[in-house]
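Student: Below are the features listed in TrEMBL for this protein:
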DOMAIN    14-295  domain 'Acyltransferase 3'
TRANSMEM  37-61  transmembrane segment
TRANSMEM  82-106  transmembrane segment
TRANSMEM  118-137  transmembrane segment
TRANSMEM  144-162  transmembrane segment
TRANSMEM  168-184  transmembrane segment
TRANSMEM  196-213  transmembrane segment
TRANSMEM  219-244  transmembrane segment
TRANSMEM  251-274  transmembrane segment
TRANSMEM  286-308  transmembrane segment
Amino acid sequence: MKNEGQIDLNLSSLLKFVSILQIMVCHYDQSFPLGQAFSIILFPGCIAVSIFFFLSGYGLMESTLLKSTSNWSFIKQRFLRVLMPLLIVNGFLYTILCGIFTLNFSINTLLYRTFDNWFVQVILLFYLFFLASFNLGKTKIEKSLWIFGFTIGYVYLAWFVVKLPSPYVNAIMAFPMGCFYALFRKDIAEKLKDKYWILLLYGIIMLIAFLGINHVKFMIIREIFYCITINITLVILNIFLLNYYPFKNQYLIKTITILGVLSYEVYLVHPWIIDFFKLSSFNKNFIIFTFISIICAKILNLVSLRFLNYINKL
């Protein structure tokens with residue numbers, strides 16, 4: 001098999017692009033309804049987030065297996081990559097807003113606004129879980145058990161003890177799944193090689209399961225089910241289809257890769273663009289909104305990379 005089940009840059013970029021587009025549609029539709037035609041994109045939102053968590057866990061494990069670093073280097077690189085764009089966009093926008101509305105602004109306010117983001121809180125926490133699991137586990141199985149154990153413990157505490165909102169919980173099971181797949185992708189790909197009947201059987205089972213899961217009363221169970229099944233589906237499609245029918249259009253590959261790389265920055269800036277649209281008489285067209293979000297995300301990406309390169313040289 002060509003890549004032994006590897007999720008390459010082209011596929012991960014495509015998945016990130018489609019996922020961030022779905023998230024943008026969900027958020028945009030809340031302020032400017034897009035109509036019934038977009039209803040299929042809006043359901044369920046946890047699928048898009050679960051793909052991000054799956055790819056995050058997968059990419060983290062793949063890169064760490066290829067190139068081991070010290071614990072401090074790991075924390076510095078990963079945390080700064082998440083926090084730097086957020087600090088920049090919040091610092092820039094809050095400085096402007098405070099200047100316009102003569103509001104009091106402080107570093108404490110900036111830090112509070114930066115960390116007051118459920119996705120950032122969860123992904124940074126799971127970076128620490130990953131680091132602990134990687135150090136505690138001596139074998140692949142032990143590493144997997146540790147990260148799944150941390151995840152189950154987190155879900156229990158977050159949902160049943162602290163009673164955090166559902167976004168903190170519903171898609172996070174995808175993270176250890178991504179780690180697990182990175183560890184065992186060669187074995188999984190070899191086991192499934194040429195067994196196309198598995199794809200058909202899985203499709204039938206999932207169709208029946210999706211019809212039945214809607215009758216479950218607890219939303220958290222339904223959303224965790226969506227999270228798990230959508231990522232298993234991606235793995236199977238990657239093994240069966242994309243290894244045999246890879247991307248061929250180089251221009252499309254380049255475009256998708258650029259958009260996929262900018263997905264995190266688009267996630268950060270697009271809520272601000274929506275707020276800007278609310279306050280202005282600007283043409284509230286989704287295509288224009290998407291274009292502006294991508295341009296702003298590209299600028300943010302360039303600025304944050306400059307800062308990161310400067311910090312790494314210190």
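Every residue, even glycine, has its Cβ placed from backbone N, Cα and C.
Relative to the rest of the structure, where do these features sit?
Tutor: Here the transmembrane segment (144-162) has long-range neighbours at 57, 125-126, 129-130, 132-133, 136-137, 168-169, 172-173, 175-176, 179-180, 183-184, 220, meaning same-chain residues at least 6 beyond its ends whose C-beta is under 8 angstroms from one of its own.
Same-chain residues lying 6+ beyond the ends of the transmembrane segment (168-184) with a Cβ under 8 Å from its Cβ atoms: 5, 7, 46-47, 49-62, 65, 118, 121-122, 126, 130, 133, 140, 143-144, 147-148, 150-151, 154-155, 158-159, 219-220, 223-224, 227-228, 231-232, 235.
Nonlocal intrachain contacts for the transmembrane segment (251-274), taken as residues 6+ away from its ends with a CB within less than 8 angstroms of a stretch CB, comprise 9-10, 12-17, 19-20, 23-24, 27-28, 31, 52, 82, 85-86, 89, 93, 119, 289, 292-294, 296-298, 300-301, 304.
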Student: Find the average pLDDT over the domain 'Acyltransferase 3' (14-295) in the predicted model and report it.
Tutor: 79
